[in-house]
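Marked as transmembrane segment by TrEMBL: A:137-157, A:222-247, A:268-288, A:324-348, A:397-419, A:439-458, A:510-531, A:543-564, A:584-609. Residues or ranges marked as domain 'CBS' by TrEMBL: A:669-733, A:766-823.
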């Protein structure tokens, strides 16, 4: 990948991965960056490298100075330029390119410097004191704003999605903005058996052809359903394609990568936020087999990113920004499920890479604020955050652990199957011509989903409604066909729990329909996750698990009724007692399937019991989730998000994997024996032109700086982007810098003959403390260092002399190779 | 910065509207007590809705007319389940209107960008400009002219051109994103 220097108007070679067209006007706008998109231009992020005391003594130079900035040592041309004496930071140095990894160590150092500076000035005046207080509290302000925005947007999404989903069926004539349930809310004509019929709600068949029942109206409703579903899907994918292509997909794999230190500019921007919110509603309303939880995490992180640009503490520091993003993702899950604690644990377990304790408290605060805002908007009309509130408290029995573990096994198997199938399909879409027609693909998937989903009443339902119905146990107040048991009508005594009853015909037909719904959902979710509209995975997985769980629950219930003299049931279930709760099986099944596909553990259990309020059922949930994780791990260690990260080739060094091979640093470092020698810069021997040629010819992201080619003693490390920006800025601003000017990385410039042009001092952009390991360091330790410190590259020395370099990409390739995967799939640095 | 300010203002307005309306004085139609009574003896199940306050939300106040005679009322009422519910119809109305208006604006803008703008440009600039620069050969996506406009418009510096400059820069970024996601399948596949 060759990087074009600004001013270079040659056409880029066709094999170039990243088009740098917008890099041409780097530093004309030296304003503080107010968004990610402006950082793309390199617009002025001021970075401040304090020069530290030099190891002058090693050079043999006896000058002793404490805070030299730049001097004019030994130059005959004695006019001291003002710029030399001021330690003027070059705008743009210290920012990162798109699709590159940040340097965590450098960002943390910057933050500590900033904090020290503010603290040292604190006692000077009241204004400085206020500034330091503002700085300390700005973190809390950012997470509060993020929580408020996430809650508000989640409320908007929920209300709009509910309305648009019901728009496929009909419309409320008295108040066009109400969905079905809200329309019939105040009506007195609802009956016990048909709780959702009321005269104000008209289906499309009634409006268009005037009939409410009959085959004609069924076909009309079918056609209108398909029409609306296709319309919404087409709108969603066109909006994504025209305005914000980054808004498609779930977002969680990319957010995981961003939180581990990767930069994707524009991924968390304003347009992505707006388009993701709008198209998420359309995608959910079109009946596709997707959920909105993953995209809500993306929306919350966008809010966090946008608000962090208002505060200089976070806008200029990529590491601090990621703390805010961790808190924002906790807020996202919190509003998606109504589970604040589960959200924090999800952020800790799944999304974040570094999670210091300070972030834990802030994430909890953000989640709480978001949940509070959502509750005050009250989208569900019952002051409840919880979508699937279960109200039963029947106990579970020890023998039921057997079917729960069976459900766990099903969850693990389904998770493994789904991950393999989905990745295979995504890979095919990525590399063959299937991927050339994204709009057509979305329309086809929506059409197939709508055509097959309409006839089955369980798939025609909104998926959240389906889950709620499956979680609800059959009490005396239920009248759906799932609760069509043969009641003993003579019982006149008041019983709170209905004993186990034999199933009526309604239940059997419901089980058939549920089986078909299960197969349909399993197949469609494989093709739906990953299409070019915002799509989440949580709700479809929970639906699949809930269907399977309910079927198993009804089976066990009937088994207990008809064979109540078997050993298990005789011990614990008496005749006439309410023994089995099929709703509980649905809950456990949902948790097992979700755990099998995402491989979450604690956070999943906490989310599910916060979702349902069923604290008594933690042990069955844990048993099922653990079983599904073990079964799933037997087939492959990765969850769905890690698998997508690997598919896209993101440079994500997984903290959960262990590296257990006995290779040494010398085996992994570059250059290998067959490669050209390491591209290095010397401390004061190179000219501007040499450096520019080196940058043009190679594609490395950084160059070690050594004292001289003979000694190979390490001075520091210079990044490509910083070099480019510094040289270009020098050519524009400083006088006398030409192609043959010497570039000096040392404290003092060497003595030059009188006619030579002014030397260029680039010490300020040099990283004086690069990490080094020796060539005999085991790779286990090297991988650990990279993980724990968040390094991008590490230099390898031998007997004190520079030998080579190991980058994060090399490590990822090496790990892929030792795991027998394709090392060429690692695409980014 | 101005765009961010405008966005922030609109977001805060939305927040204020939604949160404020959520806590507004309740519309009298927006509260109800819903009692569900299951079948009892030979009476079928029934649902009763009534607009009462929370302390009066029980079977005796809501179920009118009582279908069972006096001595059976207690047995009947014990089976019924009464729940107090409230909603905010104003919030729902405002939210749907906000959503549909944003959606409508986006649709109009999309139609403008994809259909109207290339048509206008072709008429204004004539056919010579149809020969694209060598990077955009075959690029029929919207924003294909962004490079040229970007280069030309940098010389002038009044407000309208700043807006156009920002718009062209945005179009370039979206084009990059589109290439990464849809054409090369490098990200988000």
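Every residue, even glycine, has its Cβ placed from backbone N, Cα and C.
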Cβ pairs under 8 Å between the transmembrane segment (A:137-157) and the transmembrane segment (A:268-288), at least three:
yes
Count up the helix, strand and coil residues in the domain 'CBS' (A:669-733) according to DSSP, in that order.
24 helix, 15 strand, 26 coil
Mind looking up the mean pLDDT for the domain 'CBS' (A:766-823) in the predicted model?
90
Output the single range from A:268-288, A:324-348, A:397-419, A:510-531, A:584-609 maximising the number of Cβ pairs under 8 Å to the transmembrane segment (A:222-247).
A:268-288
When secondary structure is assigned with DSSP, how many helix, strand and coil residues does the domain 'CBS' (A:766-823) contain?
23 helix, 18 strand, 17 coil
Counting CB pairs under 8 Å, which listed stretch among A:324-348, A:543-564, A:584-609 touches the transmembrane segment (A:510-531) the most?
A:543-564
Contact ranking winner - A:268-288, A:324-348, A:397-419, A:584-609 against the transmembrane segment (A:439-458), Cβ under 8 Å:
A:268-288
Close approaches to the transmembrane segment (A:584-609) from elsewhere in its chain (Cβ under 8 angstroms; 6 or more beyond its ends):
333, 337, 339, 341-343, 345-346, 348-350, 390, 392, 394, 396, 403-404, 407-408, 410-416, 418-419, 467, 470-471, 473, 537-538, 541-550, 552-553, 556, 615, 617-618, 620-622, 624-629, 631-633, 638-641
State the non-local partners of the transmembrane segment (A:324-348) in its own chain: residues 6+ outside its ends, Cβ under 8 Å from one of its Cβ atoms.
139, 142-143, 146-147, 150-151, 154, 255, 258-259, 268, 292-293, 296-301, 303-305, 307-308, 314, 355, 359-360, 362-371, 374, 384-387, 538, 600, 602-604, 606-608, 610-611
